Amino acid sequence: MNLTPKEIVKFLDDYVIGQKKAKKIIAIALRNRYRRMQLSPELQDDIVPKNILMIGSTGVGKTEIARRLAKMMGFPFIKIEASKYTEVGFVGRDVESMVRDLANAALNLVKNEQREKNKDKIDEFIENKILEKLLPPLPKGISDEKQEEYKNSLEKMRTKLRNGDLDESTIEIEISQNMFDTNPNLPPEMGAMQDIVKVIGVGSKKVKKEMKIKDAKNALKNEAGEKILDQESIKSEALKRAENEGIIFIDEIDKIAVSSGNSNRQDPSKEGVQRDLLPIVEGSNVQTKIGTLKTDHILFIAAGAFHLSKPSDLIPELQGRFPLRVELDSLDDKALYEILTRPKNSLLKQYSQLLKTENLELEFDDEAIKEIAKIASRANEEMQDIGARRLHTVIEKLLEDLSFEADEYAGKKFVVDKKMVEEKLGDIIENKDLARYIL
């Protein structure tokens, strides 16, 4: 999608309140990707993305900005937590697994696009597979009359299948099953091994299963995709997308910074993780199930609150790989009020739509919304600042009884006013000990 930086920021304004600096920097970074692709191949290789370090408390919009953009522009995107990785030689996930995760995200993205483009062919394949089970093909040498009868029966069955009349009927189908897909107890560090065995086909077997036709339609989608779609071209396109459009969002990077005030260096593996991360961010080759993925042009966005450490506590080499830094603003009551009212799918709209399913019309008057924002802001000031996430807790507590008794208000309109907000939340916010547990 070819959008100018101004258009990108305008799009983000519908979902993320404030944070103009962060939006601007990311918009420029994404536009530079488009600009790079217009250049000669030789020059493209020399232009590397300027990675971004976002500094700000939880809940201020760091992840949301990156996630929304990646989804809107159709870029492969993954969010990982730096604190979940371990240094090479320690038990746990190695940093290369984030690149394999990005490869999987790119592969799924391209597969879904191709399935959508070839939807009619895939639906026809699934339809024919199910019809073969419902009405097995006639043997050779059957009379023309019998063949005509069979053809008519097949078309009647096809019509019923398309109309959903047979959805509850049960059939036995044969589907591929991989032992790694069905074993949830495998450790995360087995990710590379899983990719390898899937590529060479080891551990995969055909199993027969009885299921309803509506479930069989979904179960056969993968097989249909494997048969109809060009798997090699899908992998090739996924590799290209991951390398040139991939975004890896590294959250909690402050958790692997070794604080200068910590003379004991309680966790020596933190620096080890940083050093393992360095070649990935600088540019290296990682083996994935879609091929050797070069990380040179992946955009890395790191984020952290940096309450107990500073960006300068990261090793100098890693600091240098994140040249663009932006500090996100904390959210005051005015920003929280806007978060409740401005976004397309604001929190209040979500709750209203949920209760609408119970035939209950829910409204919030303006004074009530302002009071909710004030209470959330005060809770953030007096306790840990969790940004906009505090609104979820506050509104859940406010609407707890109404959600429980929603059926009693069916067919009615319920207006949340300032008085109700004060009655439900006033005593809690005044009692700091109680507020710590509830809000």
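Every residue number used here counts from 1 along the chain in the order it is shown.
For all residues, glycine too, the Cβ spot is worked out from N, Cα and C.
Sequence annotations record features per position, and here Swiss-Prot assigns ATP binding site to Ile17, Gly59, Val60, Gly61, Lys62, Thr63, Glu64, Asp251, Glu317, Arg389. Look at Lys62 (ATP binding site): DSSP puts it in a helix.
In the shown protein chains, 14 other C-beta atoms lie within 10 A of the C-beta of Glu317 (ATP binding site).
Cβ-based neighbour count (10 Å, all protein chains) for Lys62 (ATP binding site) stands at 27. Shown in sequence order, Gln19, Leu328, Asp329, Ser330, Leu331, Gly387, Ala388 are the residues of the chain, 6+ apart in sequence, with a C-beta less than 8 angstroms from the C-beta of Val60 (ATP binding site).
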